[in-house]
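Peer 1: Quick one: the structure is below, and I'll ask about it shortly.
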Amino acid sequence: MNTTVLIKIKKFVAQILLLLIIIIFAAMKPATFFTLENLLTIIRQVATMGIVALGVSFLMLTGSLDFSVGKVYAFAGVVCALLYKAGISIWISVLISVLACIGISMITGYISMKFGIPMLIVSIAMMQVVDGLNMILTDGATIYGLPESIKFLGQNYILGIPVAVIVFAVLALIVAFILNKTYLGRYLFAVGGNNETARLSGIHVNKIKMIASILCGFLTGIAGIIMMSRSFSGSPYSGSNIGNDVISAAVLGGVSISGGTGKTSGVVTGVLIIGVLSQGLVMIGLSSNYQNMIKGAVLILAVIMDTRSKIVKKASA
């Protein structure tokens, strides 16, 4: 097949895959799939996962990967709940928690850049560090007793739309603006496209990578707080699979794992794919073990798609 045609088809693969998944599960569960309750469940899941995916996409655009986001996501809720229980105002606790998440991401980025270690490796180590910290801080127990006011982010609605979904939509628009209309966006793509070329053109590569880490930590922290609000508790077990899910979503949506390519709209589509797939698997009664197997296969598929896309582009160059 003509390489130009392949490239054009690739642009719509995520949308086609999303449509196919919807059709399959709607056919399997026609009485319940399109119910309001089920659709709300999906978009709530998509909201928190999507916010993390937006953050991870900043890093991926620079050619980096952070597998610690799932534990940082849980860390946000744990720290916020502990601070509130210690007598600090809930909204001050939220602020400190998000700043702490930014700090963790900055440490991960700094170690990677300072010592020339791939961020993937550093993030796997940091994932274990933060997981251990979550368990130490909570003794492995979920923290309850949060104030009613915090429910606003995860459980309330505005004009029938979950607040979390509105937050995700607003953040997605902001991220799209940053990537498409600002120098930072151009620099992110440039760094991911070719580090050395970006450096020679006057871009401070490490500075841009650190900004990407900060944005990832910030958005992961926000998502973790929303999840805490939704569950009305701080749990060290939150986000156990979200790291793989958001990377799968981003790659399915066209964000290259080697950097330099990606769109916010693609990330949103990828998150919808993972959200619909996850809920559909639950609806048909598959156990968590089978769900994990299928999601793992989806991640492999996403990476293969990304790799094939590069081959096709090189062939057409």
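Every residue gets a Cβ built from N, Cα and C, even glycine.
Just lifted these from TrEMBL, have a look:
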type	residues	note
TRANSMEM	12-36	transmembrane segment
TRANSMEM	42-61	transmembrane segment
TRANSMEM	68-84	transmembrane segment
TRANSMEM	90-110	transmembrane segment
TRANSMEM	117-137	transmembrane segment
TRANSMEM	157-179	transmembrane segment
TRANSMEM	208-228	transmembrane segment
TRANSMEM	266-286	transmembrane segment
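Have a look at these and tell me how they're positioned relative to everything else.
Peer 2: Residues 40, 43-44, 46-48, 50-51, 54, 57-58, 61, 185, 188-189, 219, 222, 226, 229-230, 262-265, 267-268 of the same chain, all 6+ positions outside the transmembrane segment (157-179), place their C-beta atoms under 8 angstroms from a C-beta of that stretch.
Residues 47-49, 51-52, 54-56, 58-59, 61-62, 64, 66, 69, 72-77, 80-81, 94, 97-106, 108-110, 112-113, 146, 150, 153-154, 164, 167, 171, 184, 187-188, 191, 198, 234-235, 238-239 of the same chain lie 6 or more positions beyond the ends of the transmembrane segment (208-228) yet place their CB under 8 Å from a CB of it.
Long-range contacts of the transmembrane segment (266-286) within its own chain (CB-CB distance under 8 A, at least 6 residues past either end) are made by residues 14-15, 17-18, 21-22, 24-25, 28-29, 32-33, 38, 41-43, 45-46, 49-50, 53-54, 57, 172, 245-246, 248-255, 294-295, 298.
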Peer 1: If we skip the immediate neighbours and take only residues 6+ beyond the ends of the transmembrane segment (12-36), which ones have a Cβ under 8 Å from one of its Cβ atoms?
Peer 2: 252-254, 266, 269-270, 272-273, 276-277, 279-280, 283-284, 305
Peer 1: Counting only CB pairs under 8 A, let me know which of 42-61, 68-84, 117-137 has the most with the transmembrane segment (90-110).
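Peer 2: Highest pair count goes to 68-84.
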Peer 1: Report, as numbers and ranges, every residue of the chain located at least six residues beyond the transmembrane segment (68-84) whose Cβ falls under 8 Å of a Cβ in that stretch; write 'none' if there are none.
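Peer 2: Tertiary neighbours of the transmembrane segment (68-84) are 52, 55-56, 90, 92-94, 96-98, 100-101, 104-105, 108, 123-124, 126-127, 130-131, 133-134, 137-138, 143, 145-147, 216-217, 220-225, 227-228, 231, 233-244, 246.
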